[in-house]
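Chemist: I have a structure I would like to understand better, so I am pasting it below and will then ask my questions one at a time.
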Amino acid sequence: MARVVVDVMPKQEILDPQGQAVARALPRLGFDGVTSVRQGKHFELEVDDDVDDATLAKIAETFLANPVIEDWVVRRVDA
Amino acid sequence: MTARIGVITFPGTLDDIDAARAVRSVDAEPVALWHADADLRGVDAVIVPGGFSYGDYLRAGAIARFAPVMTEVVRAARRGMPVLGICNGFQILCESGLLPGALVRNAGLHFVCRDQWLRVENNETVWTTRYDAGAEILVPLKNMEGRYVADPATLDELEGEGRVVFRYLVDGDASQRYLGIDSPNGALNHIAGIADARGRVVGLMPHPEHAIDALTGPSDDGLGMFLSVLDALVAA
């Protein structure tokens, strides 16, 4: 078994109102100095050893992310 | 001939009942289609109604796209069958690649629920021939992920080919202006609905099926969409 992490983020040119709302809330909570927040998704997958990188990329591109609006990164991590 | 128009139900669909009622109100026969069946039951057209298919998990429409019935809808649409996606149905058609672009979280972060004026920009699709070009219609709008986005090349293509079917009328709309948004949701070019290149697949965020008579909706302006497709099917 291997652990795989897929991070999905809204593309830079896509307005991210959720991230903006988080950024605007921080000063009200007394946290200064955070100039920008973008909010995305983080997936943790447990996969069999014979699942190759091409398959993982396909999972990310066709399902976990919508390439019209989101960028994605797949990485294998040590369990 | 009575046209048979399929209405799909996914787990979490809400507006299949009203969509079927709208079909019945123009004397067509609504045919219930089930998400898990790879079978369109011989219908002449398909409506993908609104709601929260599969709980909107992952992204709105992302999981519904893989339902067995959608494989058949995509196949039929490629052959030219009229398909209408309303609200969540529009999101599903975008996720499935039948329409370009995507629907994302409203810019104001609020669930928007109100009666909305739209302009009919294209009255040559199979779903809009009953409207005058430039007609202004009032139909309910109710969603969280209604902001239409697409890359600049796609937007240029849609505008250049006249494939923007409905636009939000934003003149005098001050409701969201405090948020810096001059439309209900921040949609690019105020786009409320679009069509495929052949004008047979149409998706829109507002709900024509909720505006078919004055007793239960703000107008009967939505009826034109169902009458339009009926004209096309009866003539075929």
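The backbone N, Cα and C atoms fix where each Cβ goes, glycine too.
Where the annotation comes from TrEMBL, it is an automatic prediction and has not been curated.
Sharing the feature lines straight out of TrEMBL:
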ACT_SITE  B:C87  active site, nucleophile
ACT_SITE  B:H207  active site
ACT_SITE  B:E209  active site
Chemist: Name the residue among the active-site residues B:H207, B:E209 whose Cβ has the smallest number of other Cβ atoms within 10 Å.
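Modeler: Each of the active-site residues B:H207, B:E209 was scored by Cβ atoms within 10 Å; lowest is B:H207.
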Chemist: Look up B:E209 (active site) in the DSSP assignment and report helix, strand or coil.
Modeler: helix
Chemist: What count of other C-beta atoms do you get within 10 angstroms of the C-beta of the residue listed as 'active site, nucleophile', across all chains shown?
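Modeler: By my count, 30.
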Chemist: Through the lens of DSSP with three states only, how would you label the residue listed as 'active site, nucleophile'?
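Modeler: Looking at the DSSP assignment, the residue listed as 'active site, nucleophile' belongs to neither helix nor strand, so coil.
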Chemist: How long is the line from the C-alpha of B:E209 (active site) to the C-alpha of the residue listed as 'active site, nucleophile', rounded to the nearest angstrom?
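Modeler: Each residue's Cα considered, B:E209 (active site) and the residue listed as 'active site, nucleophile' end up 11 Å apart.
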Chemist: From the Cα of B:H207 (active site) across to the Cα of the residue listed as 'active site, nucleophile', what is the distance in angstrom?
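Modeler: Rounded to a whole number, the Cα-Cα distance is 7 Å.
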